[in-house]
């Protein structure tokens, strides 16, 4: 009897900051009972490890060591969501050696499981280019800034909308123009513009695509 290995069913959700990809990824993971990895947290976790030890953020060797020893299952989103950690993460995320180490860890996470949902910026193009289904979630900068602004207020913190919008545009430019793994949709990704969509509408649109991919995957 011929045996064969079924490839893991990987759902990829890429997109710029505050596009709604994380919210959508968590909803999809819950609906299908799939493990979820927010790959953006891996860069934040590396930055936090350096900050906690009082180490410089511009030392690629130290940052890479932190990346190689990272436990993906021990990341605390609530702690890692702090603004200061996000700022620090943007500095280590541009380091090629750090990116290579984290990409390998993210890839291992996806390939070691029967199914999973990963969201980030380069999952469909770099981490899991052979994923069964790829979504690229986007929205206008103004809509994304409003979402981020509302998130900050909901946490009880203060925020300046104009400052958030400027930061988002700056991050978009940095992400799209970086030499290593620039932010762009994979050629076979399904584009999902959530500028005028509710979370429920975005989920239903994604679910339709995923259900179709699942049916094909199962043959």
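Sequential numbering from 1, following the chain as shown.
Any Cβ shown, glycine's included, is placed from N, Cα and C.
Going by Swiss-Prot, these are the annotated features:
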type	residues	note
BINDING	15, 16, 17, 18, 19, 20, 21, 22, 23	ATP binding site
Open item on the list: Neighbours of the ATP site 15, 16, 17, 18, 19, 20, 21, 22, 23: Cβ within 8 Å of the Cβ centroid, same chain, sequence order.
Closed with: 24, 119, 137, 138, 139, 144
- [ ] Pick the one among the binding-site residues 19, 23 whose Cβ has the fewest other Cβ atoms within 10 Å in this structure.
- [x] 23
- [ ] Starting from the Cβ of residue 15 (ATP binding site), draw a 10 Å sphere and report how many other Cβ atoms land inside it.
- [x] 28
